[in-house]
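Reading through the C-alpha cells given below for one structure.
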Amino acid sequence: MIIIKSDDEINKIDRASKIVAETLIRLGEVIAPGITTKDIELKAEAIIKSNKAASAFKGYRGYPASLCISVNNEVIHGIPSRKKVLKDGDIVSLDVGVVFDGYIGDAAWTYPVGKVSKETQKLLSVTKESLYKGIEKARANNRVSDISHSIQVHVEGYGYSVVRAFVGHGVGRSLHEEPQIPNYGLPNKGPRLKKGMVLAIEPMVNAGGFEVAVLKDGWTAVTADGSLSAHFEHTVVVTDDEPGILTQLN
Ligand code: MF3
Ligand code: CO
C-alpha cells in the first residue's frame, strides 16, 4: 500500500529533508584529499545532532553507521572507516537519512575529491541530470515506471549503465515504503502516482556494466567490473503541479 501523506505529514518530512540537505551541503564543503570517511561521519553526526534530529540509517537492519559513504567503484552502503582516506581524483557518494519528529528525509550526492578527470566529471553530471529527469516525471497521474524509464534513457544515452539491484522507494515514517522505484524499465507501468505521495528517487549509475557485488562486510555494494559509480537522490513530494523537491535547500 502506498501511503498518501497529509499536509501536516509532508511538513514533517520537509523539516527532516531540510536537515538532510543542510548536512549534505556542509559535508560537501569539507570533502578534500586527506580526510577519512570516518571524519565525514563525525561531522555528519554533529550537524544532525545540532538540529535535534537522528540518523535514519544507524541500526536500520543492523547498519552500523550514521550515513553511507561510498568511494569510487563502491555503489552504495559504504561504511565509514578511519582506514579510508580520500585522495585527489576520487569520487565520494554521501547518502544521508534523517528522522525528525517521527518523519524521514533521504538524499544522496556524489562529490569529486580535489580535481577529477573530465570523464569522471561527466559520470557525475549525467547521473545528476538523470535524477532530475526522473523527478520531472513524479507527477499526479503518471505511473512509477515513467520515472524509471526517463532515468534509464538519459543514462544509457551516454553509454553508462543503471544499477538494477537497488531501487528508489517511498519514504515517510519508515525509510523504505512502497512503491519501489527501479531506475530502468518501460514507461506506463506500475502504480499510478497521486498527490501526497513522497518518493525517494535515487539513480545509481556505473561507468561500466550494471552488475554489482556486495563485500564481505555484508553492506558495501561495488561494481562487478571495478568501474566508477555515482549516486544522486532526492526526497520528492507529488503535488497537483510541479514535483516538490524536499531535500533541496533554497
Ligand atoms: N538511501 C539508502 C536507501 O534508501 C540508504 C539506506 S542505508 C541503510 O536505501 F543503512 F539504512 F540501509
Ligand atoms: Co533512499
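Note: Cβ is positioned from N, Cα and C throughout, glycine not excepted.
Pulled from TrEMBL:
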- 12-240: domain 'Peptidase M24' (DOMAIN)
- H77, H176: substrate binding site (BINDING)
- D95, D106, E233: divalent metal cation 1 binding site (BINDING)
- D106, H169, E202, E233: divalent metal cation 2 binding site (BINDING)
Neighbour tally for H169 (divalent metal cation 2 binding site), based on other Cβ positions within 10 Å of its Cβ: 20
Binding-site residues (D95, D106, E202), the one with most neighbouring Cβ atoms at 10 Å: D106
Rounded to the nearest Å - Cα separation of H169 (divalent metal cation 2 binding site) and H176 (substrate binding site): 6
Other same-chain residues whose Cβ falls within 8 Å of the Cβ centroid of D95, D106, E233, the recorded divalent metal cation 1 site, in sequence order: V20, V96, G97, A107, A108, A200, E202, H231, T235
Those binding-site residues in H77, D95, H176, E202 whose CB falls under 6 A of ligand 2, listed in sequence order: E202
For E233 (divalent metal cation 1 binding site): intrachain residues, at least 6 apart, with Cβ closer than 8 Å: D95, D106, A107, A108, W109, L131, G168, A200, I201, E202, P203, T247
Close in space, distant in sequence - H176 (substrate binding site), Cβ under 8 Å, 6 or more apart: H169, G170
Local Cβ density at H77 (substrate binding site) - other Cβ atoms counted within 10 Å: 22
Residues within 8 Å of the D106, H169, E202, E233 Cβ centre (excluding the divalent metal cation 2 site residues themselves): D95, A107, A108, G168, V171, A200, I201, H234, T235
